[in-house]
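Annotated compositional bias 'Basic and acidic residues' per Swiss-Prot: 89-104, 309-320, in sequence order. Per Swiss-Prot, the feature compositional bias 'Low complexity' maps to 121-143, 158-174. Positions annotated as compositional bias 'Basic residues' by Swiss-Prot: 321-337. The disulfide bond feature in Swiss-Prot is assigned to C229-C271, C260-C305, C264-C307; the stated evidence is similarity to another entry. Look at Swiss-Prot and you will find N278 tagged as N-linked glycosylation site, backed by a curator's inference. What Swiss-Prot records for 1-44, 73-174, 309-337 is region 'Disordered'.
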Amino acid sequence: MTDRQTDTAPSPSAHLLAGGLPTVDAAASREEPKPAPGGGVEGVGARGIARKLFVQLLGSSRSVVAVVCAAGDKPIGAGRSASSGLEKPGPEKRGEEEKEEERGPQWALGSQEPSSWTGEAAVCADSAPAARAPQAPARASVPEGRGARQGAQESGLPRSPSRRGSASRAGPGRASETMNFLLSWVHWTLALLLYLHHAKWSQAAPTTEGEQKSHEVIKFMDVYQRSYCRPIETLVDIFQEYPDEIEYIFKPSCVPLMRCAGCCNDEALECVPTSESNITMQIMRIKPHQSQHIGEMSFLQHSRCECRPKKDRTKPEKKSVRGKGKGQKRKRKKSRFKSWSVHCEPCSERRKHLFVQDPQTCKCSCKNTDSRCKARQLELNERTCRCDKPRR
């Protein structure tokens, strides 16, 4: 091989900077570097290859790495002479190499900051020694001739033993930092995925206590105890308790009271109160267009209840013994009026206290009069017998 062929041969660093990372066999990566015939070390070495594979796995942009490394490196054949093709190291390059060896493994790997983990600086540091590595075999092959120099160039990427040792000391530390970061990143990603998966399922199939109770079957004993005759809270209309106070509007119009309610075991029995008590509540009384105030009103409550036989309300009255005197005549007249009033239907089921019924004709009339409603600037509603606001 001639001098021109050796000068024009592609350098390994140029191939690396072009973007193509080397692919290494698994068996070759476990082999130890072999000594070259012209001196130096043959091959890149297992640790250098592993470092390049880590950079490739991290997915760093090869174009950015190539630009960064090309900006900082010089051509490989810049120091060679045109006539002989041998590299002239010079005193300046030797001084720079000695300074780099004194700086330590971190400068050899090109790490600038402790937080730089992308591995781009490591590739640049590997390419720079690879470009300067042919200096040792070139210097060693001068007395042996061109054959030894050609064998040293064909052996791959030779490196000096001192530089290989510094790289081997710094490589595991850099790789461990990268692996720690990758593991932590994977752990956080898995935790986030598990949280999102759990949140998705919880929204898709919500389970509440109300839905579970809606499908629950209530047992027979619970139904029996709840429906049996007992005092239970009931909403009672105030007008039902105070039928004479028709000039007021009450707020609220009904109050919660404990009243006897429920079922008995026999249809001939009914639930009736056996113990009663009074309770006082504050109710707002409103006189339309006049005044309103909060007053106290007393209501009747049931404390205890029992099932007792029903009273026969349709039972005919016993005939009174005929006798002489005015008292007997009055009783007979009252009984006649009662018998006649039985056939009359009630005027209203809800507001009986607002109507007056004639027992003979069963005609209903209002207790309120039109003049009484006009005195309050209201109008009498004959259908409901209440004083309502005038319509405009």
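Cβ coordinates come from backbone N, Cα and C, glycine included.
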Q. In the structure shown, with every protein chain counted, which of the disulfide-bonded residues C260, C264, C271, C307 has the densest set of Cβ atoms within 10 angstroms of its Cβ?
A. C260
Q. How many neighbouring Cβ atoms, not counting its own, are there within 10 Å of the Cβ of C305 (disulfide bond)?
A. 22
